[in-house]
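Copied over from TrEMBL, here are the features:
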DOMAIN    29-116  domain 'Pyrroline-5-carboxylate reductase catalytic N-terminal'
DOMAIN    259-401  domain 'Ferric oxidoreductase'
TRANSMEM  211-229  transmembrane segment
TRANSMEM  259-281  transmembrane segment
TRANSMEM  302-323  transmembrane segment
TRANSMEM  356-376  transmembrane segment
TRANSMEM  388-409  transmembrane segment
TRANSMEM  429-451  transmembrane segment
Amino acid sequence: MSGGDMAKPLLGHWSTDGDPSITPAAGRTIGVLGSGDFARSLAIRLVCSGFKVVVGSRNPKRKAGLFPSAAEVTFQADAVKKTDVIFVAVFREHYSTLCDLADVLAGKILVDVSNNTEINHHKESNAEYLASLFPACTVVKGFNVVSAWTLQSGARDGNKQVLICSNNQEAKRIVAEIAQVMGFTPVDMGCMSSACEIENIPLRLLPAWKIPIFLALGLFLCFFTYNLIRQVVHPYIREQKNKLYKIPIEVVNTTLPCVAYVMLSLVYLPGVLAACSQLYYGTKYRRFPDWLDQWLQHRKQIGLLSFFCAALHAVYSLCLPMRRSHRYQLIEMAVKQAMEKKMNIWVEEEVWRMEIYISVGIIALGLLSLLAITSLPSIANSLNWREFSFIQSTLGFIALVISTLHTLTYGWSRAFDENQYKFYLPPTYTLTLLVPCTVILAKIIFVLPCIQHRLLRIRRGWEKGRYVKFVRPSTTGEYSSGETSSNV
């Protein structure tokens with residue numbers, strides 16, 4: 001079966017007549033109970049993998065056209081009799097309709113691929129419920145974390161892992177071999193008690209992203225409120241000027257780089273805190289606090305959100321000259337210049353500041369793009385550990401330094417201008433410099449030979465206060481053993 005055929009929509013008509021490439025290779029016969037999209041995609045994938053497939057349906061004549069011609073579509077009872085491994089691709093509420101087949105199913109391996117609509121919707125998992133209905137069968141939970149699209153398009157798309165659990169080791173081995181032949185990676189999750197956890201996995205919405213997203217939203221809300229007070233509320237109270245038009249573009253565009261910059265620094269701050277903990281306790285074997293451990297695990301998501309905000313900032317900045325308010329301001333400046341008979345308003349310092357500011361910002365965005373791309377599993381898997389570490393650690397820190405230069409260039413000397421302190425509040429960019437500068441300073445300290453050497457020894461297993469045995473030569477040429485403290 002060609003790769004182009006595998007990419008056809010699920011609801012499209014499938015026909016393999018006249019295609020010699022789909023003739024199934026001699027191998028195990030697999031049964032599939034059900035005729036929905038998932039059952040159809042499963043049958044297609046099995047046929048492409050060289051299995052003989054028998055599909056059991058309550059209406060085989062009507063459903064036969066949905067399956068490849070290489071698969072046999074028959075009644076459920078007939079399909080069960082022809083195979084020992086059967087994929088049960090029906091919903092939990094329809095399990096009871098299979099009870100009439102209990103005698104024929106005895107001794108068979110049933111692979112439950114179902115999912116629920118809610119997390120922990122039932123007291124027992126679907127696989128355990130199926131096992132209770134058919135005690136004479138061996139039930140294996142698997143393939144529920146793989147989508148119908150992934151099955152139909154092959155393991156080249158989507159997640160390649162297939163989570164499997166069962167109380168029978170032999171049944172798990174057989175299902176795992178089937179998954180491997182289909183191009184997936186089977187993962188043994190243990191006994192049947194793990195089925196509930198496996199069934200909850202497809203229902204979780206971005207579990208690793210919740211904390212980073214809430215962090216980004218919190219930072220955005222704080223900086224947005226701060227900028228709103230400075231750019232809108234202050235001129236309205238002090239000068240009675242209506243600046244509400246700035247909210248959709250200018251205030252948002254001032255907020256986005258602040259969030260991106262701080263989020264990028266938060267990617268490397270937990271590494272600094274972890275290094276400080278190891279230096280303080282003199283060991284790498286002491287567990288980090290739970291909050292720091294969670295922080296370390298979410299660095300990838302925090303970095304990707306930083307890149308997202310930076311990309312939005314770039315797009316918003318490109319749109320600034322397109323605003324009608326900006327055109328009005330340009331016309332107003334031109335009229336004012338003409339009335340004052342100014343022939344030249346060129347300010348060399350401002351020109352250089354903006355040129356450097358934009359150039360450095362483009363470089364920073366390019367490095368963030370590289371970090372984001374190499375965070376993708378398909379790209380990361382093509383890199384060895386040294387390459388991945390160099391990009392994510394070294395180039396990531398360089399991106400933080402360049403982002404700091406971008407921020408400093410934006411501020412230039414305006415941080416010392418008293419007119420910039422509205423309501424006695426400092427400019428926003430000065431607040432964003434606190435965390436990144438702390439990280440950069442700490443990284444510079446860690447590069448010092450005395451600190452770097454001690455930290456390297458700790459990460460290689462050295463512990464403060466631990467006594468180790470060593471062997472030394474005596475004056476007679478013989479060797480004698482002794483003890484010394486490892487912190488000497």
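Backbone N, Cα and C define each Cβ position, glycine as well.
TrEMBL: automatically predicted annotations, no manual curation.
If one looks beyond the transmembrane segment (429-451) by at least 6 residues along the same chain, the residues whose Cβ comes under 8 Å of a Cβ in the stretch are 226, 257-258, 261-262, 264-266, 268-269, 272, 275-276, 279, 397, 400-401, 403-404, 407-408, 410-411, 415. Broken down by DSSP into helix, strand and coil, the domain 'Pyrroline-5-carboxylate reductase catalytic N-terminal' (29-116) contains 39 helix, 23 strand, 26 coil. Here the domain 'Pyrroline-5-carboxylate reductase catalytic N-terminal' (29-116) has a mean pLDDT of 93 out of 100.
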